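Q: I have a structure I would like to understand better, so I am pasting it below and will then ask my questions one at a time.
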Amino acid sequence: MLKNWGKKLLLSIVGATLTCLLVLVVDQQSRHMLETQSDHEPGSAAAVHLRADLDPANPGDGGDPANSAQDSGTFSAYFNKLTRVRRDVEQVAAPSKDSAAPEEDITANDVFIAVKTTKKFHRSRMDLLMDTWISRNKEQTFIFTDGEDEELQKKTGNVISTNCSAAHSRQALSCKMAVEYDKFIESDKKWFCHVDDDNYVNVRTLVKLLSRYSHTNDIYIGKPSLDRPIQATERISESNMRPVNFWFATGGAGFCISRGLALKMSPWASGGHFMNTAEKIRLPDDCTIGYIIESVLGVKLIRSNLFHSHLENLHQVPQSEIHNQVTLSYGMFENKRNAILMKGAFSVEEDPSRFRSVHCLLYPDTPWCPWKAAY
């Protein structure tokens, strides 16, 4: 009898020891999970909820300490709670499948596309754009230039003579941007998008991108050409200056501004104010836009790699991704011809910018595109 009692005592001790070990292991796992979650999401509600549920001395908000203690009284309840909370944490950490869902249902008619050019490029650049992407978006595209051109006006009724100088100077560029801004404000469009005359715009992709944002919010989207904020000096008075640093989207790649943000820019951009603002920092038009938005209004640039300028190596844009880009460009890069590398409907000699080949890739039903083009 004494021997049986000894066996029972030994089994009880072993069982209690195993139970304690299991509790310690689970507690260690829960603490490790808390530390990991804290490293990645220090302020997450799930992490706070986990701490409250697993620490009897810190019950969750709205919870009953007595019930919490009673639930924690058994290993089964403790383990079930740990499993349930871990599942909640994993669900919070998982990316949302709807993150790219449209914020606003818009069409191309909601976008004001401003193309900045100069008269000497009407034939060499604007005729190419008129034959390609503008041909499908005439009503949405407004051409801002410095000289009258009846031939260009016949192709599209949206040619606006800015009365600005034809020089490629800081003042002339800012003069044209000021007119672009004022014309957009006069319109009923939701989005203002600026591009240059060496840009191809995929309007379908542009609309898709802008639909992810609300035009009433403060949205400034584009691509910087610098790898750091630009440093400038703001003239406060004749004898008083201060340094300013800000990001700006390069005009050569194109950028877009929501109407909500554009209206807030009015004190520094409308009428003659834009020219005055540009003179305060003595920088060109696209820099002045960035200064007003980032430095004055405190709105951050949303960077998008879907915009491209001739200041980057365009050979790095793969042909398989051309249809997903918002803007493309061409020109010279490091003293070499800089354009999209692609097999297309036309040879490089026939189509040095590759815009015609890109257009036939996106719109193969274009009348002048070859029927059997190899891509």
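Just so it is clear, glycine is given a Cβ too, placed from its N, Cα and C backbone atoms.
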Q: Between Cys175, Cys193, work out which one Swiss-Prot annotates as bonded to Cys256 by a disulfide.
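A: Between Cys256 and one of Cys175, Cys193, Swiss-Prot records a disulfide, namely with Cys193.
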Q: DSSP on Cys193 (disulfide bond), three-state: which is it?
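A: DSSP assigns Cys193 (disulfide bond) to strand.
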Q: Does DSSP give Cys164 (disulfide bond) helix, strand or coil?
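A: In the DSSP reduction, Cys164 (disulfide bond) maps to coil.
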Q: Which recorded positions are spatial neighbours of Asp197 (substrate binding site) here, meaning Cα within 10 Å, out of Cys164, Cys256, Asp286, Cys360, Cys369?
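A: Within 10 Å of Asp197 (substrate binding site): none of them.
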Q: Using C-alpha positions only, work out which of the recorded positions Arg125, Cys164, Cys175, Asp286, Cys360 is nearest to Cys193 (disulfide bond).
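A: Closest by Cα distance to Cys193 (disulfide bond) among the recorded positions Arg125, Cys164, Cys175, Asp286, Cys360: Asp286.
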Q: Take the C-alpha atoms of Arg125 (substrate binding site) and Cys175 (disulfide bond) and report the distance between them in angstrom, rounded.
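A: For Arg125 (substrate binding site) versus Cys175 (disulfide bond), the Cα atoms are 21 Å apart.
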Q: Counting only other Cβ atoms and using a 10 Å cut-off, which of the disulfide-bonded residues Cys164, Cys256, Cys369 scores lowest?
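A: The disulfide-bonded residues Cys164, Cys256, Cys369 were compared, and Cys369 has the fewest Cβ atoms within 10 Å.
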Q: For Cys256 (disulfide bond), which of these recorded positions sit within 10 Å, Cα to Cα: Cys164, Cys175, Asp286, Cys369?
A: none
